[in-house]
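Here's what TrEMBL has on this protein:
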- 1-18: compositional bias 'Basic and acidic residues' (COMPBIAS)
- 66-96: compositional bias 'Low complexity' (COMPBIAS)
- 102-186: domain 'Cyclic nucleotide-binding' (DOMAIN)
- 1-33: region 'Disordered' (REGION)
- 66-99: region 'Disordered' (REGION)
């Protein structure tokens with residue numbers, strides 16, 4: 001993902017688009033993106049255009065630059081009521097951010113920016129993190145380890161794919177103010193999360209340029225999740241088509 005001022009560009013292989021975000025980025029615009037991404041699949045151009053802005057075509061003409069440069073600005077001590085509590089004292093809990101694999105979606109600069117402003121929390125293996133039906137008041141970036149996701153299906157527990165290192169959890173509930181829809185627990189090796197309080201995203205006193213940077217990071221992660229889900233769906237369809245076709249492929253060519 002790339003940005004130029006208030007313009008956002010997202011790309012993943014064949015998919016490329018740019019949108020013009022409302023200035024400054026607001027919780028409502030992020031909420032719209034999440035709402036639509038959560039609903040029935042549409043073409044990427046359509047849901048971003050409908051939910052974020054009508055200036056997609058204009059934004060496509062703009063040259064973009066790398067998102068979150070190393071010289072990222074930070075909130076001033078007087079601009080945010082959260083500045084003192086969100087400051088992450090001490091050094092990074094991960095000696096080499098790039099080496100631990102968490103940079104597969106966000107850049108090293110993205111993660112360093114989050115680490116410098118938000119606290120981290122480490123959970124023991126299989127420790128309960130969030131219970132189904134409880135209020136979500138934070139967004140977690142998985143810095144290390146993984147999370148198990150368990151839902152109820154026909155009265156029985158069903159394990160969904162783990163939330164892996166470099167992914168986020170809780171963003172939909174935190175921004176849409178919905179209750180947790182699953183039990184979340186640390187994986188077999190435990191996990192470390194960067195914790196972003198949801199109230200931070202709605203604090204109008206917080207330095208707006210810094211909030212925009214956080215929004216861009218969250219949007220980037222959400223886009224990666226959508227792309228991954230689309231690819232998984234295509235794989236499922238291909239398997240089903242293969243099964244319905246009586247074994248197609250190399251088997252079908254024989255004889």
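Just so you know, glycine gets a Cβ as well, placed from its N, Cα and C.
Small disclaimer: the values here were computed from a predicted structure and weren't measured.
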PLDDT averaged over the residues of the domain 'Cyclic nucleotide-binding' (102-186): 85
For the domain 'Cyclic nucleotide-binding' (102-186), the number of residues DSSP places in helix, strand and coil: 19 helix, 39 strand, 27 coil
